[in-house]
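The structure under discussion appears below in the form of structure tokens.
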Amino acid sequence: MMSTPHSRKKICYYYDSDVGNYYYGQGHPMKPHRIRMAHNLILNYGMYRKMEIYRPQKARYDDITRYHSDDYIMFLRSIRPENMPEYAKQMQRFNVGEDCPVFDGLYEFCTISAGGSIAAAMKLNRRHTDIAINWAGGLHHAKKCEASGFCYVNDIVLAILELLKFHQRVLYVDVDCHHGDGVEEAFYTTDRVMTLSFHKYGEYFPGTGDLKDIGAGHGKFYAVNFPLRDGIDDDSYQSIFQPIVTKVMESFQPSAIVMQCGADSLTGDRLGCLNLTVKGHGRCVDFIKRQNMPLLLLGGGGYTVRNVARCWTYETSVAIDADIPNAIPEDAIKDLDDEDEEKVNPDQRLPSTQSLYTSVWYFHVTVTPQVK
């Protein structure tokens, strides 16, 4: 049974210890090791005592091809660093090579990420948990037939498809610095999934997510984009995030929520340009949690790895209602950079540099779907 608004929620957490062993290559900003860093922090804070922890089964070929095309997934299964010359044409066709490189164990890495998100969605469907967490998921740029933005398999889409077996309407919320284009594209013409993305807009990857992109056909008004300029801080972000989520909840009335918690919206991210503190980022998670819906929390972007680990550790504590000290447990310090302060620092920020891209008050005229 689902918890009441004031009862302690049941939390399930998914982690595969192999995930941190994969390596995108020299100089590549995507580092799966960050997931292991977060996991070690979570364990050292003792949060495992308040969660059920699972090692998920790897996603099967049939699971992944519920969304992705057979030829694309066959390619991912077959490609390896040593046989790349044989697949030159397919690499170009499927957008694999630079941002999305071929590396040892590529397909297995994808099955770990997707397997965790699918298993988490199944757990929610069975009503065996209130919140399910898979920090190895959240790879929101992958398309049906191609890789994009460091993402190969869209575990989010696969998880939402699983949730739709039991839920008439699913809300997707994305707080990554980059637009959640792959998820939006997958559900652009349906009224059963509303995609809500807050992201940097303009001369910035992937270049999509305009305020005027609202869905098509049956999905018109079910894609919601809120583009931002550089430097938005915690208070300004919340002045947008909370009223928009409130309006969406009233209008769409979902029965489950999937949240992509990309940590590249944090201040000081290697590729990001927003100015959220860990605490400010976590306020978004807390606000979604307080909607009291079955909730799937996923990872995503984040390229200053020590901050990613701190962020997802803090947001795990938000999920389980645990107060954790700023001081990092001694056993976890070795996982962080030598120059780091030995604190989670949830309040650390830079000076805000720019205002919002657009006013929150424009929003109310664009989100007017009728519940069906």
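Quick reminder: no glycine exception, Cβ is built from N, Cα and C everywhere.
Worth saying up front: this structure is predicted, and the values here are computed from it rather than measured.
Sequence annotations record features per position, and here TrEMBL assigns domain 'Histone deacetylase' to 28-317.
The substrate binding site feature in TrEMBL is assigned to D99, G149, Y303. Under the DSSP three-state reduction, Y303 (substrate binding site) is assigned to coil, being neither helix nor strand. Cβ neighbours within 10 Å of Y303 (substrate binding site), excluding its own Cβ and spanning all shown chains: 20.
Following the DSSP three-state reduction, the secondary structure of H141 (active site, proton acceptor) is coil. Annotation comment: TrEMBL describes H141 as active site, proton acceptor.
Within the same chain, residues at least 6 positions away in sequence whose Cβ sits under 8 Å from that of D264 (divalent metal cation binding site) are D176, C177, H178, R270, L271, G272, L274, G300, G301, G302, Y303. Annotation comment: TrEMBL describes D176, H178, D264 as divalent metal cation binding site.
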Integer Cα-Cα distance in angstrom, H141 (active site, proton acceptor) to G149 (substrate binding site): 6
Cβ neighbours of G149 (substrate binding site) where a neighbour is any other Cβ within 10 Å: 21
Sequence-distant neighbours of D99 (substrate binding site) in its chain (C-beta under 8 A, six or more apart): A147, S148, G149, F150
